[in-house]
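Taken straight from TrEMBL:
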- A:46-360: domain 'AB hydrolase-1' (DOMAIN)
- A:S151: active site, nucleophile (ACT_SITE)
- A:R221, A:D356: substrate binding site (BINDING)
- A:D322: active site (ACT_SITE)
- A:H355: active site (ACT_SITE)
Amino acid sequence: MSDDPRYGTGRSVTLPGPLRLDGGGLLSPLDIGYETYGTLAPDGGNAILVCHALTGDQHVASTHPRTGKPGWWARMVGPGKPIDTDRYFVVCSNVLGSCLGSSGPATVNPATGKPWGMGFPVITIRDMVRAQAMLLDHLGVGKLFAVVGGSMGGMQALSWAATFPERVASAVVIASAARHSAQNIAFHEVGRQAVMADPKWRGGDYYADNDPPAAGLAVARMAAHITYLSEAGLTAKFGRKLQSRPEKPDGAKTFGFDADFQVESYLRHQGLAFVDRFDANSYLYITRALDYFDLAEEHGGLLASAFRGSGARFCVVSFDTDWLYPTSESRTIVHALNAAGARASFVELRSPFGHDAFLLESPELDRVVRGFLEAGTA
Amino acid sequence: MTLRPDLAIIAANVAAGSRVLDVGCGDGALMAALRDTRQVDARGLELDAGDVAAAVGRGLSVVQGDADTDLADYPDHSFDYAILSQTLQTTRHPDLVLENLLRIGKHAFVSFPNFAHWRVRASLLFGGRMPVTRLLPVEWYATPNIHHVTVDDFRAFVQGRGITLEGSWFLSGDQRCGSALANLFAEHAVFLLRR
């Protein structure tokens, strides 16, 4: 373990910036919550940036301070794991716009002394990546050995390779896409409207009395959560089973609107658990950043152009039951990589768990990630 | 690790340091050999997800895909060699796959089991049954081989399409055999072609 206060879990830093944003304007200063694991090699050549998904955080392999749960990718990142912290220096930072230590709508606007709320600038995936680059500068990391991410994390990995080709040696893009589809945007709009329809949202200015639009955010989470699962997975887990009650252990219809079905109860629980750990305005901003993401558009409409300057190796993985970012989206990325002459690997793995599969036990995914990374160390 | 004899022939005849696309690369045995012994920059295309995972797990760049549909996405002459080993007879449109191979690679290696080998002929002639041999080990209903081809068929195809034949190798068992009676005595053929 290093004595350097920049390294370790539960870190945060305020960088002077300024960060020039895609939407125009500058952000300065810039707070970033982050964690590092392992030891940076003297030549700096063993750094891996792990990028988190929409509602993820920097606690990739450490206990979450609010929920007490293990890190969200503890089965992938750690000593002896595929992303082996005995060998690699792993960095994971809370994305710009989020609410776990990085600048976002819930942090204080230095110009007013009050939380930004909806005054926070609308940000993009590339803005998140540029903020991460500033963090890596601070940490003394030049070129990344690898950038790895699933879902929105995969979009950051793609954006990294396109924005900083000289700083990325390899990229792992799991269950992701090079752009948000109309269906993706549509689901996000349902979530945003649920938040904004909650009277407690109050135009995003709800921080003062600590009374956030929890009901709206819970509904947004419930709708989104369905898209993370597969129909077959839901059927296997819940089917039409009814919720057990004290007087009816096997459950019974109430002929009312309680959570009769187990799947209803499960979704309500998911919604309520989410509002304890996430800020409603952050949810609006990050879903917006995802909807704006279209890597081809940033490169003259041709996705292959995004990768022309890149000498990186790419590993693209999809899951057969993921209907949020289906295999066809990954194939689009792979076609572009081939057209650009990039070194690309791609595999569609089988899983019953839909989009969430990338977070769950998957020996095949472990083997692919481990082997792909090891090939870069030779 | 010993390579399959047809793969050993291909490996021995690929120029060191070249760029190679192995179509139907399986778990990447040939690619790994080319990388490790001839400093080749090898890429692969493979249909089977388990094989792709195994190949990526050994550090190779392999894309899961189908030779029948996904070769169209590769640019012209983007590789020095495009290789199709033991895969031609499993494709739905072997002619289109071959044309794509010759478009993508400056040279193309093609290897396939010869359906006119005397043992195959004997099986049909005397047994009246679809042959199940060492190189064609699967019963008719389960075989992935849907477009059987003979050495003479392939020679005629190459000539008819005006494709340049740069080399050919024939195997009986694991031993090389002559070109003259290859259609009868070769179990396995390897061709090197160019457009």
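Using N, Cα and C of the backbone, Cβ positions are placed for all residues, glycine too.
What TrEMBL says about a protein is an automatic prediction, not a curated fact.
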Listed recorded positions among A:R221, A:H355, A:D356 whose Cα sits within 10 Å of A:D322 (active site):
A:H355, A:D356
Are there any residues at least 6 positions away along the chain from A:H355 (active site) with a Cβ closer than 8 Å to its Cβ? List them or say none.
A:S151, A:A175, A:T227, A:Y228, A:L229, A:F319, A:D322, A:W323, A:L324, A:Y325
Return the average pLDDT for the domain 'AB hydrolase-1' (A:46-360) as a whole number.
96
Under a three-state reading of DSSP, tell me whether A:D322 (active site) is helix, strand or coil.
coil
Kindly assign A:D356 (substrate binding site) to one of the three DSSP-derived states: helix, strand or coil.
helix
On the three-state reduction of DSSP, what should I expect for A:S151 (active site, nucleophile)?
coil
A:R221 (substrate binding site) has its Cβ surrounded, within 10 angstroms, by a count of other Cβ atoms equal to 22
Once the DSSP letters are reduced so that anything not helix or strand counts as coil, what is A:R221 (substrate binding site)?
helix
State the count of C-beta atoms found within 10 angstroms of the C-beta of A:S151 (active site, nucleophile), not counting that atom itself.
27
When you measure from the Cβ of A:D356 (substrate binding site), how many other Cβ atoms are you left with inside 10 Å?
22
Count the other Cβ atoms sitting within 10 Å of the Cβ of A:D322 (active site), across every protein chain shown.
28
